[in-house]
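Listed in TrEMBL:
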- 1-11: compositional bias 'Polar residues' (COMPBIAS)
- 1-20: region 'Disordered' (REGION)
- 39-61: region 'Disordered' (REGION)
- 49-59: compositional bias 'Low complexity' (COMPBIAS)
- 138-156: transmembrane segment (TRANSMEM)
- 177-196: transmembrane segment (TRANSMEM)
- 208-229: transmembrane segment (TRANSMEM)
- 241-261: transmembrane segment (TRANSMEM)
- 281-300: transmembrane segment (TRANSMEM)
- 335-357: transmembrane segment (TRANSMEM)
- 425-446: transmembrane segment (TRANSMEM)
- 452-469: transmembrane segment (TRANSMEM)
- 490-511: transmembrane segment (TRANSMEM)
- 517-538: transmembrane segment (TRANSMEM)
Amino acid sequence: MWSSLAMTQKGQRQDEEHLQASEDIAEIEYVELDTIHSTRGNAQRKRSSGSSNSIDSNIANKPALSPISRELTLDDGSTAVEDAFQQHHVKIEYSEGRFSLKKLWQFVGPGLLVSQALLDPGNIESDISQADTSGYQLLWLLLLAHIMCIFVQCLAARLGVITGRHLAQHIRMQYPWPYAVVFWLLSELAIIGADIQEVVGTATALHILTRIPLWAGVVITAVDSFLFLYVQKLGVRVTELVFGLLITTLAVCFWVEMVLIKPDVKQMFKGMFVPLIPQGSVVQAVGIIGCVLMPHNLYLHSALVGSRKLERCTETREGAIREAMRYFRIETSISLIYAYLINMAVVVVFCKAFIILRESGTPYVASLADGATILSNVLGSGSKYVYAIGLLAIGQSTTMSGTLSGQYVTEGFWNMPVKPWQRVVITRAISLVPALVVALTAAAHMDLLSEIINVIQAIVLSFTIIPLLKLQAHAEVVGHEFVFGRLAKIAAAVLTLAIITLNAYMVVSVIPLSSAGMYIALVVVVAVYVLVLSYTAAFPLQCVWSKQALVDRAPKSIRWLFGRSVFSIEAEPASPALS
């Protein structure tokens, strides 16, 4: 009897091992189907030739492109986005309960890194220009732009938390590769443009502190970025702490100068809460929004949230994700309001400085390079060093956050790991030439360059925010429990249209309409812009292609347009695994 019982148990164990092996094989084949679009035909042949009926049934029972199955698994079994800090992720234990400051501290960090882009030298130059042209009157719009930025950045963090993948990875997966390449090129252009502003701004700070030539400061800035790469080796929390200290350095510098310069508090609060746009400042007003909403920040934020490893087992997955989204919303809001207070201080300081200089009849130039001279004339020679220290701190900080953004973008679009030092070499090599040109032609041309870069940022943002919102409107991407509701879709659509309209206005405003040819060029540019944006918004995502039967039956040219040129319904019958 004991012998027969042992044989029975042995047979059961063999059946369980065989079933587990079949499931493992099915999972491998399913991942191939899920992540490798170009080899779907080969995967189909593998299933038809060597897979058993049980394996096929296991594949068929899995939901296609499930956000859970696509998450990357770390060595400890948890899931998070692979990034530069993959050896130092912060593990978050799910605890259902009330709000906790201790728990919030575990989520503090990603928002701080994102907020740096709102404080880079290009934004400080925009603040100085705003103070010169409109005084305190556009502080309310600066606040509104930061509130809009909070909403958009929370959506970027939401996508990363729910799916375990960042925006660049999603675009590569959901759009055909020619279109993904266009996305990548536009994103790289925006990142390199911001990098130029950061390098020149840091070089300007070095020139004020040490009197070295501007071109030499550009070269030093391009090289010393390698020193900051070692900070990442100390872990994500140390990196976030260092960047937070650099931002605080900028904050202290301008808050001290704001106290010393004694601004008109009444006018300051009136400018913050009374919506007025001075005559002739419409372009300046639109530019404020363009300076705050940056496309590479969406890629960066959706990736940085992956540094927090959540408990994503079946029992706690939904609760852990909702808890993480809640704390990330709070952390993002605090970080970006912190950035607003710093930007506000810059505007207020230079507003009062310009008023004093006008009353005394002292000539001045409202630019980043002349900011130290302006403050020296008002507060004394020591103030220029305070200004330079703050500018140096944020310049170095934003160059590193830009490197991180580029790293995530390149890895996400090309599914190719890029080491930080390689990324620095590439971006510095590309941005060094135009930065040196600006330095050698005396930074007086920085205003024009900043205007061109802001236009590029505006164009790229429109092509970035549409996929961000579109992805979260499909249950096939984020799951039925996290898909946008009707009100959220309407709010997202209204926000997208508002941002696109404002950015389009800024682009159109910089085109000189001095001839009939320029009018024709303007009409062509606007038509192409609207057409491509419409195509981006209407494009069927890969995860819902199975519902687009007409695409599969269309002519080859149409199927190529939607990335379906290599297979069709006749060549590959619809399968539940792909639905």
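Backbone N, Cα and C atoms are what each Cβ position is placed from, and that goes for glycine too.
Outside the transmembrane segment (490-511) by six or more residues, the chain places 148, 151-152, 155, 282-283, 286-287, 289-290, 293, 451-452, 454-455, 458-459, 461-462, 465-466, 469, 472-473, 484, 518, 521-522, 525-526, 529, 533 with a CB less than 8 A from a CB of the stretch. The stretches the transmembrane segment (138-156) and the transmembrane segment (241-261) do not meet in space: the count of Cβ pairs below 8 angstroms, excluding pairs fewer than 6 apart in sequence, stays at fewer than three. Long-range contacts of the transmembrane segment (241-261) within the same chain: residues 109, 112-113, 115-116, 119, 231, 338-339, 341-342, 345-346, 348-349, 352-353, 375, 378-379, 383, 386-387, 389-391, 393-394, 396-397, 400-401, each at least 6 residues beyond the stretch ends and with a Cβ under 8 Å from a Cβ of the stretch. Packing against the transmembrane segment (335-357) from elsewhere in the chain are residues 111-112, 114-115, 118-119, 123-124, 127-128, 130-132, 135-136, 139, 142-143, 146, 149-150, 153, 247, 250-251, 254-255, 257-258, 261-264, 268, 272, 363-364, 366, 371, 374-375, 377-379: each is 6 or more residues past its ends and has a CB under 8 Å from a CB in it.
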